[in-house]
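Copied over from TrEMBL:
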| type | residues | note |
| --- | --- | --- |
| BINDING | ARG38 | pyridoxal 5'-phosphate binding site |
| BINDING | ARG60, SER61, GLN68, LYS276 | substrate binding site |
| BINDING | ARG234, ARG361, LYS426 | tRNA binding site |
| REGION | 427-449 | region 'Disordered' |
| COMPBIAS | 436-449 | compositional bias 'Polar residues' |
Amino acid sequence: KGKCPEDGWDESTIELFLHELAIMDSNNFLGNCGVGEREGRVASGLVARRHYRLIHGIGRSGDISAVQPKAAGSSLLNKLTNSVVLDIIKLAGVRTVTNCFVVPMATGMSLTLCFLTLRHKRPKAKYIIWPRIDQKSCFKSMITAGFEPVVIENVLEGDELRTDIGAVEAKIKALGAENILCVHSTTSCFAPRVPDRLEELSVICANYDIPHIVNNAYGVQSSKCMHLIQQGARVGRIDAFVQSLDKNFMVPVGGAIIAGFNESFIQEISKMYPGKASASPSLDVLITLLSLGANGYKQLLKERKEMFSYLSSELKKLADNHNERLLDTPHNPISLAMSLKNLDENNDAAVTQLGSMLFTRQVSGARVVPCGSVQTVNNYTFKGFMSHANDYPCAYLNAASAIGIKKQDVDVFLKRLDKCLKTSRKESKKGKVVNEISNSNTGTEQLED
């Protein structure tokens with residue numbers, strides 16, 4: 001049926017299935033005689049076993065979704081994977097999606113592929129409207145495709161950084177709709193930035209006949225992000241949305257899913273990919289979804305949501321104990337932020353030092369964001385880089401509840417963060433006292449002189 005099975009398969013069943021696919025490829029035929037330059041030959045038995053002898057990859061030179069005659073098994077694997085992934089995207093909340101394909105590139109390069117496909121439809125366009133998010137790969141995806149990003153600064157509403165819809169529309173009018181390749185929006189993001197106002201942006205794109213590409217990097221795991229995409233497509237225009245395989249399905253880095261509501265446009269993107277491609281990302285996600293089943297994946301989504309609530313409540317308690325606060329970002333369903341005002345006021349270096357302390361204590365993924373850092377990316381200078389705004393009111397720390405997180409992860413993180421904050425406050429107080437003594441001594445010396 002091309003759908004994800006309700007209940008997961010056991011490993012031996014999955015391996016039997018993969019071996020059956022593999023013996024359909026010509027490189028595994030008994031008595032095969034290959035005289036071409038690409039015959040699926042592998043020197044190492046270990047490498048062959050790692051890939052279940054599915055060596056030919058996916059697609060043909062002109063289309064990543066095309067069937068290879070001498071690799072029927074790999075081609076079937078590719079078709080099945082795309083079909084099963086489409087089923088999961090619908091299950092996760094985007095019910096009207098019509099087409100998708102797995103591409104063996106991470107999110108940034110997959111976005112670039114979308115922009116390059118649009119180039120042929122809009123040859124005069126040179127700008128991409130981009131509500132600011134301080135993440136390098138989505139910014140570089142536009143530069144790599146040869147377009148000029150037009151950065152739209154976010155507006156501060158309470159603690160949240162939200163899309164400036166008025167500025168987006170004003171910029172479209174100023175530049176001219178025909179000169180704009182697309183609007184490049186974002187769903188999943190680090191708090192205190194929250195998902196873009198997708199419905200309003202989609203309506204603007206429909207009104208001005210401008211394509212709309214959504215960076216949904218780790219949004220499949222969030223029902224709220226998926227609902228925003230579904231609503232945006234219902235009321236306006238979304239041409240494609242791109243999501244990472246590793247972040248949403250817990251597989252190795254190296255693949256993404258490009259999906260959309262217009263089947264022919266998604267096919268155009270797949271045909272834009274030059275040459276054949278690695279089957280590894282498709283194989284990884286198919287194995288994972290067959291082992292989980294639809295029910296297993298739904299259970300992971302449910303657990304993630306529960307852990308978000310738990311992380312939120314416990315991080316709030318810890319923040320209160322340290323005279324800090326959990327920033328109020330109700331529109332962000334995955335990421336949380338806790339202020340670091342006390343550290344920031346005592347010592348600028350104390351904020352970045354906290355990040356180092358957490359990392360050396362084996363806390364990965366937590367981001368410490370100081371005030372006022374400046375970074376240049378591809379000749380564009382961002383003030384307040386990592387905070388998604390030029391002047392966010394305070395330094396803060398990020399933590400996220402992503403798919404696969406366990407209660408133990410949250411508890412250990414909070415325990416180590418508590419210790420690090422206590423140590424940082426002691427050290428920053430010492431530094432403050434030393435500075436005061438040093439300043440008073442200098443004053444005395446000057447007076448004596």
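Keep in mind that glycine also has a Cβ here, set from the backbone N, Cα and C atoms.
All TrEMBL annotations are machine predictions without curation.
What you see is a predicted model, and the numbers here were worked out from it, not measured in a lab.
All features noted in TrEMBL, drawn onto the structure.
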residue: ARG38; record: pyridoxal 5'-phosphate binding site; Cβ neighbours (10 Å): 12
residue: ARG60; record: substrate binding site; Cβ neighbours (10 Å): 17
residue: SER61; record: substrate binding site; Cβ neighbours (10 Å): 9
residue: GLN68; record: substrate binding site; Cβ neighbours (10 Å): 18
residue: ARG234; record: tRNA binding site; Cβ neighbours (10 Å): 13
residue: LYS276; record: substrate binding site; Cβ neighbours (10 Å): 21
residue: ARG361; record: tRNA binding site; Cβ neighbours (10 Å): 14
residue: LYS426; record: tRNA binding site; Cβ neighbours (10 Å): 10
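Residues ARG234, ARG361, LYS426 are the ones the record ties to tRNA, and the longest Cα gap between any two of them is 54 Å.
Among the binding-site residues ARG38, ARG234, ARG361, LYS426, the residue whose Cα lies closest in space to that of GLN68 (substrate binding site) is ARG38. Looking only at the binding-site residues ARG38, ARG234, ARG361, LYS426, the one with its C-alpha closest to LYS276 (substrate binding site) is ARG38. Taking only the Cα positions, the spacing between ARG234 (tRNA binding site) and ARG38 (pyridoxal 5'-phosphate binding site) is 45 angstrom.
Looking at ARG60 (substrate binding site) and LYS426 (tRNA binding site), their Cα atoms lie 62 Å from each other.
In this structure the alpha carbons, written CA, of LYS426 (tRNA binding site) and SER61 (substrate binding site) are 62 Å apart.
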